[in-house]
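Novice: Got a structure for you, written out below as structure tokens; questions coming shortly.
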Amino acid sequence: RWIKFEEKVEDGGERWSAPHVPALPLHSLFQLRTCLQKGTVLLDLDAPSFKEIIDKALSRQPEEAELQPELRERLAALLLCQPRHQPTKSLLQLLVELGLSPCRGRHGAQPWVVTRLSQRASPRCRQPAAASLPFQLRNRFKKKIPPGAEAAHVAVGEVEFLEKPFTAFIRLRRGVALGSLSEVALPSRFLFILLGPRGKVKAYHEVGRAMATLLMDEVFQRVARQAEQREDLITGMEAFLDELTVLPPGKWDPSARIPPPSCLPSPHRRTTVHQPDRQPHGNGDMAAAGDRAGPRHAHSREELDRTGRLFGGLLQDIRRKARWYGSDFSDGLHPQCLSAVLYIYLATVTNAITFGGMLGDATANMQGVLESFLGTAFAGSVFCLFSGQPLTILSSTGPVLVFERLLFSFSQDYGLDYLEFRLWIGLWVAFFGVVLVATEASHLVRYFTRFTEEGFCALISLIFIYDSLKKMLSLADTFPINWQYRLDNVTSYRCICNLSSPGEPKQPSVPNISLLPALSSQPPAALAALSRTQCLDQGGHLLGTSCQYVPDVTLFSFLLFGGTFLSCTVLKRFRSSRYFPVGVRKVVSDFAIILAILASCAVDAALGLETPKLLVPSELKPTNPARGWIIFPFGANPWWLCLVSTVPAVLVTILIFMDQQITAVILNRREYKLQKGAGFHLDLLCVSLLMVVTSVTGLPWYVSATVISLAHMESLRKESTTSAPGEHPGFLGIREQRLTGLAVFILTGVSVFMAPVLKHIPMPVLYGVFLHMGVAALNSIQFTDRVRLLLMPAKHQPDLAYLRHVPLRRVHLFTIIQLLCLALLWVIKSTMAAIIFPVMV
């Protein structure tokens, strides 16, 4: 049987083989061409039943091949026999049959299948049923067949009463259900019959395989459906032979089964004679080689066309997105969206805590974790409701954090009020952003090339990887490891509480219990019962050789970190695994991140170690009591500062524009197959207006987060639910909607009230998720593949399309320049010069 690839019944007759590319003898194709030239060809036959089809086929033979009436009757009776099918059995059915008949012997299979029959005909058989049989309705193979498919039947065999072959190719005017003729209940459109005298069954078999292979070819299918006469079929077959590739017989094993390739050329490319030989890039479904070839840039789309009118691009974005607004909510009602919400929510919460803590350190808690939570929830929710690309996730970014640190230091040095100064900068940035929207400055996005996109994406991905590793290494400072531990000295490891005043003599590290009353008015039992917290609260201090070490926590945290990362990676790839049914694999892959987090949390809870946990604020009040929720523009700073603020505002505007638009370009790539269009102008307007609100309330500034947004889109990938055996599920696009982002930011806002639940999630687990996000984003760009090429000998390099058309030294030169620019950006980011980071981009 064939859907796209060939499957054979194994010798035992118990199961179908693995799908494989059909390998045909060249002579069988020539024989098939002869059959089409000399045999019966009936096009657009109007017949409601299989019996009528056979009768018309036998009565309309060419004169030179006409059969006698007696032979026609015997042949008709033979072709109308009830076929036997090879059932597709579940594992449970096979186990039951094995238990019921453990000594069953082998037997030969004689299957009538969807596209082919090869058997020795027997005159003793029953007539085929006209309606669908129960085995057809129960056949799970139907799930593999795409909607709208039709069946083609190829019947070949040898009979004793024929002296010359009988051949017929039949195309029905419309699809007709032929009852039990097919393995599953499908309308039938094509039939090919080849019956001949005994002694040539192998040749007939190969001709039948050649016919089935032709009918499974998309280009020949189009020819067969549109053919008006015999010559059109011959011409279509000649075109098939023109594309044929011949393998020399001594250089390969004809019995070897060629596995299906990961990607196939489209029929459109095959029919275009002068189409360049370009294949999809080997980096998954999400990258394409040569996507910038030709005179137009990859982003030359209607979203970036200039209108020449003020706010013309913005109005076009609004019109384009308005007609999808209702479906943006209805399309989010899918189980896959639930897994995306939980995944991105935990990533957003961790990011808010991380940046909130760093902002608090940089600004003396003028902005802290609570402000980060509230700002993320408010800005993200508003953006998801009104933006042009709601799949974007807003967050604080590293360059913005560097600017906040420099601005706070400048304000402290010159005695200025930091929040008021920041308010005026934010208002000017919002004004400049509106001006950029009005003048359609987003038009410049079309000039962003792969070089810029990949450099920016690689930098942000490496920052995620670096920060997650840095956070884990910092645990060794918080929970030190006792490198000098010796098992023989276990009796000397002790830690006690000393409640003596600092001026009194200190207690020795290994005290004598009889001396304890002299150091404290409390009895020894009371001293032993004091916990570390109680001791420090009472003004005491800890003495002993093991007071600074926390056993097992650092090691176990690293195990949780690595285990979560590996679990996320393995479970995410489970969709393409060989184990379990496709429905189970899909659910596991969709919920991979949540399953990995739950498993790691369960292990942590089972062992009961005091690993660092996720802590969120539990009170709605400013982190710094000296500030309020509303920042007033005048009063604390000189009046002229509102004008001077335009200078730093220009730098922040460049930063916001570049960060926002490069991320938007990456998310709106053509290979993501987005159907609802982008909204570059509308997104920039939303970010600019949010700057006003966050500046007035003293909340952090927000812009698109590249890595989290890419993770959001990857978690919403749509793939075909039906795929032929051997065919990889096809990438259909992204589930475009607003509900997942909106739910993520609403949950982030109410996280303040979920502190009792969230406190059970270990931070190393979330750092492992961060590492997975960074690695996944880094692997999604072509730059990573080209870096690997630098380390590969030429003979081991994969067959990538750009290596066929671009000299290898040019590829390496391009990659090395990208590496140098990436290193320069990293150095700038890590120094006080980070404020010019957007200019360098």
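For all residues, glycine too, the Cβ spot is worked out from N, Cα and C.
Small disclaimer: the values here were computed from a predicted structure and weren't measured.
Just lifted these from TrEMBL, have a look:
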{"type": "DOMAIN", "residues": "1-254", "note": "domain 'Band 3 cytoplasmic'"}
{"type": "DOMAIN", "residues": "309-841", "note": "domain 'Bicarbonate transporter-like transmembrane'"}
{"type": "REGION", "residues": "251-302", "note": "region 'Disordered'"}
{"type": "TRANSMEM", "residues": "340-360", "note": "transmembrane segment"}
{"type": "TRANSMEM", "residues": "372-401", "note": "transmembrane segment"}
{"type": "TRANSMEM", "residues": "421-439", "note": "transmembrane segment"}
{"type": "TRANSMEM", "residues": "451-469", "note": "transmembrane segment"}
{"type": "TRANSMEM", "residues": "553-571", "note": "transmembrane segment"}
{"type": "TRANSMEM", "residues": "591-609", "note": "transmembrane segment"}
{"type": "TRANSMEM", "residues": "629-657", "note": "transmembrane segment"}
{"type": "TRANSMEM", "residues": "678-703", "note": "transmembrane segment"}
{"type": "TRANSMEM", "residues": "739-758", "note": "transmembrane segment"}
{"type": "TRANSMEM", "residues": "765-783", "note": "transmembrane segment"}
{"type": "TRANSMEM", "residues": "813-837", "note": "transmembrane segment"}
Novice: Do the transmembrane segment (451-469) and the transmembrane segment (591-609) share at least 3 Cβ pairs under 8 Å, sequence separation 6 or more?
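Specialist: Checked: the transmembrane segment (451-469) vs the transmembrane segment (591-609), no contact.
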Novice: Which listed stretch (340-360, 553-571, 678-703, 739-758, 765-783) has the most C-beta pairs under 8 A with the transmembrane segment (629-657)?
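Specialist: Stretch with the highest Cβ contact count: 678-703.
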Novice: Where else in the chain does the transmembrane segment (591-609) make close Cβ contacts, counting only residues six or more beyond its ends and a cut-off under 8 Å?
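Specialist: Residues 339, 342-343, 346, 552-553, 556, 560, 563-564, 567-568, 571-572, 574, 715, 760-762, 765-766, 768-769, 772.
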Novice: The transmembrane segment (739-758) vs the transmembrane segment (340-360): three or more C-beta pairs under 8 Å (separation of 6 or more)?
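Specialist: Counting Cβ pairs under 8 Å (6 or more apart in sequence), the transmembrane segment (739-758) reaches the transmembrane segment (340-360), since there are 3 or more.
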Novice: At a C-beta cut-off of under 8 Å, are there same-chain residues at least 6 beyond the transmembrane segment (765-783) that contact it? List them, or none.
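Specialist: Same-chain contacts beyond the flanks: 281, 283-284, 286-287, 289, 343, 346-347, 349-350, 450, 453-455, 457-458, 460-465, 467-469, 471-472, 560-565, 568-569, 572, 593, 596-597, 600-601, 604, 614, 706-708, 710-711, 714, 815, 818.
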